[in-house]
Ligand code: IDP
Ligand code: MG
């Protein structure tokens, strides 16, 4: 187990539905540390950079509208194996495959509006932390 840093972002639906405390509590109870955090309003260029791998998808305009719809809560989360550990706590991208006990499994019913982003690799965690906290 290596101590890792991961970029976690609670998306606008998490704030609108007042699930911020609930999700942060889960992260803390797991044993991870939140070492930096801030509320930010994303803009279109930043969303395009962060989701560059999805720019050619038909659902991209919907994703952009969603992420522009209100502030997000950005965090750096630290802990043993925190990158995969947070992905496990989030549940899979396809919310219909997200089992109860995961954040998406417990609180999300839509593939787009799935509450939370978490880095998916060591390389992307470093890039995303620099992007939002550098
Ligand atoms: P991830 O958030 O689990 O890492 P990505 O594939 O990186 O998943 O997708 C980024 C975000 O784009 C998802 O969290 C979700 O909000 C949205 N998204 C991904 N796939 C779909 C889809 O097939 N339809 C609609 N929205 C999607
Ligand atoms: Mg992703």
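Glycine residues also receive a Cβ, built from the backbone N, Cα and C atoms like all the rest.
Per TrEMBL, the features are as follows:
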DOMAIN    3-134  domain 'Nucleoside diphosphate kinase-like'
BINDING   11, 59, 87, 93, 104, 114  ATP binding site
ACT_SITE  117  active site, pros-phosphohistidine intermediate
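Mapped onto this structure are the features recorded in TrEMBL.
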residue	record	DSSP class
11	ATP binding site	coil
59	ATP binding site	coil
87	ATP binding site	helix
93	ATP binding site	coil
104	ATP binding site	helix
114	ATP binding site	coil
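Across the domain 'Nucleoside diphosphate kinase-like' (3-134), the DSSP tally of helix, strand and coil residues reads 64 helix, 30 strand, 38 coil. Across the structure, residue 104 (ATP binding site) and the residue listed as 'active site, pros-phosphohistidine intermediate' place their CA atoms 10 angstrom apart.
Of all the binding-site residues listed here (93, 114), it is 93 whose C-beta has the fewest other C-beta atoms within 10 angstroms. Of the listed binding-site residues 11, 87, 104, the Cβ environment within 10 Å is emptiest of other Cβ atoms at 87. On the 0 to 100 pLDDT scale, the domain 'Nucleoside diphosphate kinase-like' (3-134) averages 98 in this prediction.
Of all the recorded positions listed here (59, 117), it is 59 whose C-beta has the fewest other C-beta atoms within 10 angstroms.
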